[in-house]
Amino acid sequence: QVAAASGHTVVLVDQSDEILKKSTKGIEESLKRVTKKKFADKPEAGAEFIKKTLKNLTTSTDAASVVHSTDLVIEAIVENLECLSLLYAVYMFLISRHTIFASNTSSLQITKMANATTRQDRFGGLHFFNPVPMMKLVEVIKTPMTSQKTFESLVDFSKAVGKSPVSCKDTPGFIVNRLLVPYMMEAVRLFERGDASKEDIDVAMKLGAGYPMGPFELLDYVGLDTSKYIIDGWHSLEPNNPLFAPSPLLNKLVEEKKLGKKTGEGFYKYK
């Protein structure tokens with residue numbers, strides 16, 4: 001959405017036409033919300049903005065047929081290193097020599113993904129924050145093999161889509177999640193010990209620290225499965241780090257398919 005709205009030609013690829021139709025509808029609804037604010041006094045200009053943005057966006061279920069002519073491929077699939085490495089290894093042979101690969105992973109090592117290809121110099125991380133149309137930040141991740149030209153191109157692209165890029169080395173969680181995930185896990189441990197209720201912990205952090213969401217609200221918003229993937233991955237890298245210790249309660253909720261807002265129940269219930 002933000003790439004198309006800033007004048008880039010975008011091809012959105014997913015596994016089925018059904019998913020793509022749902023995605024396109026979601027983008028259109030999001031654009032309507034944006035135009036209500038951006039073009040409050042100019043509804044005709046807002047309608048034209050939506051039309052122009054959607055014109056820049058096409059969809060496909062066949063990545064092989066579209067990746068060969070792209071300048072930048074951004075992956076945003078499941079947080080699973082094996083799946084990600086396979087994806088890059090397959091499409092490496094189909095893209096142009098100048099194409100840059102970027103991952104939107106929030107926690108996995110970019111270097112390991114890059115090692116699945118023979119173009120480590122044109123590989124980096126572009127971590128956008130949810131909801132992307134509203135959040136201004138992008139973390140640009142440079143591995144030891146990422147060329148300066150690639151890094152600068154990723155920074156320039158981030159600015160071109162209206163974001164504020166920050167740079168970070170390929171360290172677990174980059175900047176934001178390296179600080180945020182241990183904070184959320186510590187909140188769960190506080191609740192597990194019976195030191196405070198989840199409701200009071202959320203209220204305390206919103207009113208005491210000025211956070212827009214409490215840690216349990218945020219966990220439900222992010223997805224408990226996503227948070228579990230992250231902490232499990234970090235725990236395997238640093239098993240003796242207490243900040244990365246798994247949570248029995250989080251594991252239980254994920255096992256019960258209570259993944260947060262997307263399933264209607266996580267730490268809280270949703271209608």
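Yeah, the Cβs are placed from backbone N, Cα and C, and that goes for glycine too.
Caution: TrEMBL annotation is automatic and unverified by curators.
A quick note: this is a predicted structure, and the numbers were derived from the prediction, not measured.
Feature annotations, courtesy of TrEMBL:
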type	residues	note
BINDING	Ser30, Lys37, Ser106	CoA binding site
DOMAIN	1-171	domain '3-hydroxyacyl-CoA dehydrogenase NAD binding'
DOMAIN	173-270	domain '3-hydroxyacyl-CoA dehydrogenase C-terminal'
SITE	His127	site 'Important for catalytic activity'
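Taking every pair among Ser30, Lys37, Ser106, the residues recorded as binding CoA, the greatest CA to CA distance is 29 Å.
The Cβ of His127 (site 'Important for catalytic activity') lies under 8 Å from the Cβ of Asn104, Thr105, Ser106, Val138, Glu139, Ile141, Phe174, Val176, each of which sits 6+ residues away along the same chain. Neighbour list (Lys37 (CoA binding site), Cβ cut-off 8 Å, at least 6 residues apart, same chain): empty. By a simple count of nearby Cβ atoms, those within 10 Å, the most crowded of the binding-site residues Ser30, Ser106 is Ser106. In the predicted structure, the domain '3-hydroxyacyl-CoA dehydrogenase C-terminal' (173-270) carries a mean pLDDT of 96.
Residue counts for the domain '3-hydroxyacyl-CoA dehydrogenase C-terminal' (173-270) under DSSP, helix first, then strand, then coil, are 65 helix, 3 strand, 30 coil.
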